[in-house]
Amino acid sequence: MKPRAFVMFLLAFLKEPSDVIAVRDRPLMLDCKVVGEGEGPVSITWRRNGIPVETGARAMVLSNGTLLIRNFSKRRESNETDAGQYDCAAQNHYGMLISRKARILLASLPKFLSHPQSMTVGEGGVARFTCQINGIPEATITWQKDRRPLSTADSRYTLLPNGVLQIAGLQQTDRGLFRCVASNIANTRYSHEAQLSITAAGSPIYREPVILSGPQNLTINVHQTAILECIATGNPRPIVSWSRLDGRSIGVEGIQVLGTGNLMISDATLQHSGVYVCSANRPGSRSRRTALGRLVVQAPPEFVQWPQSVSRPAGSSTVFSCTASGVPEPHLIWLKNGKLLTPGGNVKLTNGNTTLAITHITPEDEAIYQCIAENSAGTNQASARLAISQGSDLPEAPAGLQLTALSSSSLQLTWDQPAADTSQQIIGYVLHIRRLGEPDSAELQEAISKTTFRQQVNNLDAATTYSVFLKAYSALGGSQQSRTIMATTKGGVPSSPSFFTKVLNQTAMQVYWELPSRPGALEGFRLEYRGVSNPQVHGQETFPAHINTHTISDLAAVYEIQLVAFNGNGDSPVNRRLVSLTTGENGPTADSSCNCSQSDGSMSTLLIGLHSGLACILCCLLFILLGYKRRLFCRKEMNWKSPPTVTGLRGSKSCPAESIELNQVTHTLTHTEVPAKPTITPPTTTKIGGATSCTIH
C-alpha cells in the first residue's frame, strides 16, 4: 500500500469564479477548475450566499466543475434573484477547499438620479451640464444637442467619463437643447433636455477667479482611472494648475489634463492616494482660488506569507502562518475543510489571526486549512494541509549544534552531518531564532539547503542573546526540534542592574531588581551575599533573565549584597549594598541599607566602627556631666526673676540657671550627632530653709 506521502498541494484551483454581470433571461456560466492529487475523485459543489445551489432544470454542474445557470432571472413577484455571492467547493479524500467569492450582479439601468439644468451664460463664458445615473454595469454617457449626437471634435467641448459636459469660450452657435444619453447592456435611457442660452458679450469687466466645480472625494481600486474635475471662470480667464497638499510631486507618467484643467490619472497606484489641490490663478498676479479633493486608491489583498502544508505525527504541534497586505488592511479568517474555524481547545489564533497554532495533534485535526484575506477592494485565499504521519518515517532531529558570535550583528550555526541513509531523505532544514525572552510568536524562521551544515545569521542586534534550534525536513514532514542553544552577539556586557532590599524579619530579607526593557539584553543575574562581621557566611544564586526577586533566609547581623547581570560577553559592573538585620528588644529594626560602590566595601565597615566609637565616647562624657550636676542643688530667692532670654525648654521656671545650662549641653550634643538627646523630666521641688531645690533625672 502506498504511504500517504506529503504533497504541497493536494487540491489547488487552476481557475476560480470571478465577478460577473449577468443579463436577465440569458444563460450564465461560472468557472471552477481544480487539480487534485491523492486518493479518490474530486467533487465540485456550488454555493450562493453560503447556501448550496440546487441542481436540476435551472442549474447544473458540468464535468469540468463549471456551473451553468440556464436562465438567469429575477422574479418580480417574489423579488427573488439569482444574483449574489457564489463560491465553489472542491473535495477529495484529504479534505475540502473553498474558492474565493465572486459577485454575480444583474444588469440594470434605473432612472436618472439627476438631469441637466437649463442655464444662461454670457458669450465667452463657461457652461457645465451634468447628469447622474447608477447602472450595472456602469453606464456609458454621451450627449446630444437638439437631439443629435454632440460632436466633441471641437476642443472647447470636454466630456468627462462621469457624465459631465463642459463647454469653454461659449459662442452664439453653442445655444440649444442638451440632453445626456446613458446606455449599458441592460437598457438605454434619455435625460430631460436643458436649454443653453447665450447672452451678447458686453464691455470687458474684471472678475476675480471663481471655481465653478472642484474635485470631489473619490475612491478607486489600483489600476483604475481617476478623473478629478476642475473648471474655473473669471476675467481675464484664469489658469488652472494642480498640486498635492503634502507637497509631493504629482508626476507625469499616466497623468493627463482634459479640457481646460481636469486631471486624469490612468492606471492609479497606491502612491497616487492623497489630497489634490486645484488652483485657479489670475494671470500676472498672485490672486487665486483653490479647491481640494481626496483620492483614495485601494488595493485588494495579496499574500506576503502563505501557509505551508505539513505532515506531523499525532501528539505533536504545528504552526500555520499567513500574512497579507492591502489597502485598507485586510481582515483574516481561517477555514477548516470549508467551514469557519473557531479557536479553542488545542487550536489557537494569535497576532491578528496571522498565526494558527495546533497543539497535541489528533486525527480530527487532519484537514485542509485556508487563510481568507478580505477588504473592501476584494478577497484572496491561500490553503495548506495538515497530514498525520508516522513518527518513525520522519528524520531525526539535527545534532551537534554549536552557535558562535562572529560580530555585533551576526552569529554562525554549525551542526553535524547526518548519516548517509538519513541524509538522502532530507530535503532541507529550517532555522528557528528569536531573542531570549521574546514569545514564540516573535520567532524568525530561515530555510537552509540540505547540502550545507553551516549557516550565518545576519542583521542581529548588538550585545543581544539569541536562542536557536534547528529542524530537518523530509517529504513526510519535519523532525523533532534539536536542542535549543544560546549565544550572544558581540558588543559589550549588560549595564549594572539597580536593585533594592526589604528586611522581612531578623533572619530574612527580600531582594528586588529591574528587568531589561529589551528582550535578549542579558542572559541572567547572579546574586551574592556575605556577612560583614562573619565573611564565612556567604551564598550565591544565579537566575534567568525573566526573574527579578529572591528571598534570602537564615541570616543575622549585617550583610553585603551584590548583584551582576551577565551575557555571553561577560558580567556587568557590580552593584553592592549593605543591609542590617540587627534587632533590639522590640523586634527587628528597619532596613538600614546604603548603596556602595565596588571599591568602598571595607571602608564602609571602617566608617561604621568609627561612628560607633565616637558615639560611645560622647555618651560617657554626658553621663559624667550629668552625675556631677546630680549632686548640686540650686537655691534661689523666691522673688528671683528669670532673665528675658531664657526660652525653648519646658518645665518649671523655678530653676532657670539649670535650664540654661542644660540647653547649652543639648545644643552641643546635637552638633556632635549623638543619636539621642537626654531626657529632661519636669523638676520636682523641695523646700529647704525657705529655698527651692531642682533635681534633674
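FYI, residue positions are counted from 1 along the chain as it appears here.
Any Cβ shown, glycine's included, is placed from N, Cα and C.
All annotation found in TrEMBL is predicted automatically rather than curated by experts.
TrEMBL lists 1-22 with the feature signal peptide. Feature annotation from TrEMBL assigns domain 'Ig-like' to 3-99, 110-197, 209-291, 301-387. Among the features that TrEMBL reports, domain 'Fibronectin type-III' is placed at 397-492, 493-586. Under the heading transmembrane segment, TrEMBL lists 606-628.
The stretch in 110-197, 301-387, 397-492, 493-586 that contributes the largest number of Cβ pairs under 8 Å to the domain 'Ig-like' (209-291) is 110-197. The domain 'Ig-like' (301-387) makes contact with the domain 'Fibronectin type-III' (397-492): 3 or more of their CB pairs lie within 8 A, with pairs spaced 6 or more apart in sequence. With DSSP classes pooled into helix, strand and coil, the tally for the domain 'Ig-like' (110-197) is 3 helix, 41 strand, 44 coil. In the predicted model, the domain 'Ig-like' (3-99) has a mean pLDDT of 81.
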